[in-house]
Amino acid sequence: MENLWFIIKAIIIGIVEGITEFLPVSSTGHMIIVEDLINFKEGVMPASLYTKQYIDAFTMIIQLGAILAIVVLYWDKIKRSFENFAPSKPKSGFKFWLNIAVSAVPAGVLGLKFHSKINEKLFNPGSVTAALIVGAIWMIFAEKRYRGKFTTKDIDNVTIKQAFIIGCFQCLALWPGMSRSASTIIGAWIVGLSTVAAAEFSFFLALPVMAGVTYKSLKDINVFALGSMHIVGLTVGFIVSFIVALIVVDKFITFLKKKPMRVFAMYRILLGIVLIILSLFNVISM
């Protein structure tokens, strides 16, 4: 029964990750909250092996499932970028990946340097709740001010300067609950990208950022010390997050073409209020 409950927990977290990784609602924030609600850490590791590093690694591996969904959905774009890699070619793949690399640097540097401190100080429901509400208010004002006033409709036309500024905004997502997607989309609005282009640039930007974060987490643990059920849980969570993300990303792009982002902002505010109420009844610990 304990093993079954562990698998169910992994499925729940995989679903949450797949839904929230690319939406502007903060996947990390939702993971922290859900893990707290279902007491995920209980029974995940043998007492002799349990450390926070193992839990962090589990979270990162689950997130890789959602990241893989982007590779699958945008495989044609990725393939073309390497076929047209020469800098002199129209829609040069070299220029595209250079932009992604430049954009990834600010958050990558800060994330690697302050990874442990951020996990220690900010990975808790109270911090997430504050970030959800602050980010929602910022999203509402940014959409009103910048959405629709774009000069760049295609991510192949993003400049190095635009890419770097978007990358600087991504640093705000180091605060769990702020949302990497929300931060980068808002940054992209400010430098002139259309909403769809902003979302797609954010998707691709997740690839190197998540690879770096995952490497940082995994190098601190001995994966071979995990039990067979823990490997099964990791695999199940990875597959579930991959499948769910495949569905959500496609629907998200369709949504952005017709609907405003403030829908997600209102959800964030509502969730923040619910979390505050739950904390008052000691359901979660702030």
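Quick reminder: no glycine exception, Cβ is built from N, Cα and C everywhere.
Look at Swiss-Prot and you will find 5-25, 55-75, 92-112, 122-142, 185-205, 229-249, 264-284 tagged as transmembrane segment, backed by sequence analysis.
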*Do at least three C-beta pairs under 8 angstroms join the transmembrane segment (122-142) to the transmembrane segment (264-284), pairs 6 or more apart in sequence?*
yes
*Residues of the same chain, at least six outside the transmembrane segment (92-112), with any C-beta under 8 angstroms of its C-beta?*
80-86, 118, 155-156, 158-160, 162-164, 166-168, 170-171, 173-174, 180, 201, 204-205, 207-209, 212-213, 216
*In the same chain, who gets a Cβ under 8 Å from the transmembrane segment (229-249) while lying at least 6 residues past its ends?*
3, 6-7, 9-11, 13-15, 17-19, 21-23, 44-45, 58, 61-66, 68-70, 72-73, 203
*What same-chain residues lie close to the transmembrane segment (5-25): Cβ under 8 Å, and 6 or more beyond its ends?*
31, 34-35, 38, 40, 43-44, 59, 62-63, 65-67, 69-70, 132, 135, 139, 179, 181-182, 185, 199, 202-203, 206, 229-230, 232-234, 236-245, 247-249, 252, 261, 264-265, 267-268, 271
